[in-house]
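Below: the structure, in structure tokens.
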Amino acid sequence: MKTYILTSPKNIPYFNAALEEWLLTEFKKGEEIKVIYFWQNANTIVVGRNQNTYAEVNLSEVEKDKVNLFRRFSGGGAVFHDMGNICFSIILPKAKKEMENAYEETTRNVVKFLNSVGVPAQFHGRNDLEIEGKKFSGLAEYLSKDRVLVHGTLLFDTDFTKLAKYLNVDKTKMVSKGIESVQKRVVNVKEYLPNLSTPTFLEKMVQFFTETEHAETIHLDESSIKMVEKRAQEHFQSWDWNFGKTADYNFKNKKRFEGAGIFECNVQVDQGKVVDIKFYGDFLSVIDITPVTQQLVGQKYDYQTFAKILGNIDNFKEYFGTLTPQQMLEVIFDNKKDE
């Protein structure tokens, strides 16, 4: 299988997201290839696909400081990017999705590179890379028709004061971890490589992957760049994508499940039937969850109806990661089994 590598020519989040999507869905379409993609976003908040932007982000501070904000197309939680942060994507044929420990296997060479330069990095938990118990990288996954994408951040020299300033960390997550602040849960790789600048570190990382994977560098032509820029402006930079429709709901509930993440449900009910329903959270979905919520709209708002629908979803794990239908029902109905 041939491997390709690319470092984005821009640090604009909307462009970089559109370029990532293009690599996933259009580049060498129909061919079984591996793509390694590096990019950096300047001064940017990134929320997960299934998160509520208004709840996750301190919007007053974001607007005051003119911080970029966009929603990625994968699940997981919100993060802050600056030029001390390096993002990476690894794209593989969809068949590779079936391997066990997909996150760990896919990012094995990231850990190998860091170990080779003296950083004691390791994979931990459901989707994190850590150094001595502190997180420096969070991973998320997404499936296209033919390919699987695993991508993540790598905190090299990020300003953690901004990380805490712009993100509203969920209290249930903080309580479960027994830690007081965002800063105490994360670490910069630069603490272990004090003599390296971010550009030099990225250069070494790209060189390592190019040599280890025998990767061919991708050279973007003008038509591809224009296509990516058009997609960035029309989709990833749009209000509809980044904020979406909001509404008043009859019922809202949220809970964190160990090993699965936060699940929040907002339901609007009229005359006993679901008019609208939204699921939010940092659960690790790899495909769009809209088909699930569409099945629930118009149904009776009762436990047995929802249990039957959720229980009959064959690819449930692709929609909700390690969340179970029972856990979702617990949140949706607050432990009340309506008859």
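Cβ atoms are placed via backbone N, Cα and C, with glycine included.
Since the structure is predicted, the reported quantities are computational estimates derived from the model, not experimental observations.
Going by Swiss-Prot, these are the annotated features:
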DOMAIN    30-217  domain 'BPL/LPL catalytic'
BINDING   ARG72, GLY77, ALA78, VAL79, PHE80, LYS135  ATP binding site
BINDING   LYS135  (R)-lipoate binding site
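Projection of Swiss-Prot feature records onto the structure.
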| residue | record | Cβ contacts under 8 Å, 6 or more apart |
| --- | --- | --- |
| ARG72 | ATP binding site | ALA17, VAL46, VAL47, GLY48, ARG49, ALA140 |
| GLY77 | ATP binding site | GLY48, GLN51, GLU56, GLY138, GLY261, ASP282 |
| ALA78 | ATP binding site | ILE45, VAL46, VAL47, GLY48, GLN51, GLU56, VAL57, LEU167, ASP282 |
| VAL79 | ATP binding site | ILE45, VAL46, GLY138, THR153, LEU163, LEU167 |
| PHE80 | ATP binding site | THR44, ILE45, VAL46, THR158, LYS162, LEU163, TYR166, LEU167 |
| LYS135 | ATP binding site | HIS124, ASP128, LEU129, LEU155, ARG185, VAL186, VAL187 |
Subject >> Confidence summary for the domain 'BPL/LPL catalytic' (30-217), mean pLDDT rounded >> reply: 87
